[in-house]
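S.K.: The transmembrane segment annotation in TrEMBL covers 12-33, 45-64, 76-98, 105-127, 166-188, 244-269, 314-336, 381-408.
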Amino acid sequence: MEMQLADSIFTLSFDSVGTMTLGAILLLIGYWIKSKVYFLEKFCIPAPVIGGFLFVFLNCLFFMSGRINLVFDASLQTVFMLAFFTTVGLGASLKVLLTGGKLLFIYWFVNVLITVLQTGIGVFLGPVLGLDAAYGIVSGPVALVGGHGGAAAYGQTLEAMGYPGASLVGLASATFGLIVASLVGGPLGRRLIERYNLTPDNDDGFQIDTSGYDAGAQHIEMDYANTMKNLTALMLCMTMGSMIVGYLGGLIGMAIPTYVGAMFFAVLVRNLNEKFHFYNFSIDFNDRVGDISLGLYLSMALLTLKLWELAELALPLLIVLCTQTVILLLLTYFVVFRILGKNYDAAVMSAGLIGHDLGSTPTAVANMTTIHTKYGVSRKALIIVPIVGAFLIDVFYQPFVIWCINILC
């Protein structure tokens, strides 16, 4: 941590450890506030979002004062993101993926249609409100589905094509989407669950298989040796998965998120371990590491959000973003929920869909996790939503966005 005073501006720079520590403190504050405020508990607002937003608003005040500047090194975010998705993979037996084929395809196809719809809204409303179609695209699926990474990448491309400020528009739109997705995804899922009196289906053929030798996996004694074996397996999956998708991405010319590789490699390790018994796998340990990793990742991600970017958005762009949000919420509540089965899994997946079609895959998982904590786990949603949000949607999204830019811009 470094402190510097220059030109009447106090700059406080946090290194990676300091950023992680601040994220942990905000996470604990979020849990404490959530336990004291009934509204937050009732509407399933994630604890990392609560603590993170408090800091986001505080940091905005610092920025507006022109006297205090906070700088963060969020490099450890990637580690926690990888750790979380690895625990998701380790929590699934192979039959989870094999038996989810039909619903997985349905959920993917729904997201494809939503991507097309978001593009249409941006391209139609943008020119009507005085914006070029390029800004409608970058504030639509590029930012809302692609997140900050997609916004930055395609924003630079559009700037090179003669659309100044496209990166800022995209990043600000992604920030808007992340905030809204964090706030409304959980409440939407809660509303569906309570309106239709839904409960988890613990015998749907899609749950974790703990039969046979693995029957005691949930409650094995976690001594030093077992803890190290579980932790080493986790780190091995993170490392090997990242290496494999990096290599495959180069072969096919597509950037595949590293956490997708970690998750799939973890699924492989889990199922090989069930057959060959390499080590005593602990579900309790795996779930605990996953919850902690997700909480720290989101807290650290919110530290770097710049709320003042939204204030710089022109009114037409805000109208486009609000329209995108309202249409997606209505579509998810009245249509998507029914297409997915109108059951508990569908409600949880609907909350996840809001998360990654407005914000990011970790936000989707956070929305689902906060519902799981209160109402019970949907293993089906916890597997299908990250797979589609993190990778499968990109199979359509990437070439579609490139085609739209080439045709419309």
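Glycine is treated like the rest: Cβ placed from N, Cα and C.
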S.K.: Under 8 Å, at least three CB pairs between the transmembrane segment (105-127) and the transmembrane segment (12-33) (pairs 6 or more apart)?
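M.R.: Contact absent: fewer than 3 Cβ pairs fall under 8 Å.
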S.K.: If I count Cβ-Cβ pairs under 8 A between the transmembrane segment (166-188) and each of 12-33, 45-64, 244-269, 314-336, which range comes out on top?
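M.R.: The stretch I would name here is 314-336.
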S.K.: For the transmembrane segment (314-336), give me same-chain residues lying six or more residues beyond its boundaries with a C-beta closer than 8 angstroms to one of its C-beta atoms, as numbers and ranges.
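M.R.: For the transmembrane segment (314-336), the far contacts come to 110, 114, 117-118, 121-122, 125-126, 129-131, 135-136, 139-140, 144, 169, 172-173, 176-177, 180, 184, 188, 191-192, 350, 353-354, 357-358.
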S.K.: Sort out the residues at least 6 away from either end of the transmembrane segment (12-33), same chain, that have Cβ-Cβ distances under 8 Å to it, and list them.
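M.R.: Tertiary neighbours of the transmembrane segment (12-33) are 1-4, 40, 46-52, 54-55, 68-76, 295-296, 299-300, 302-303.
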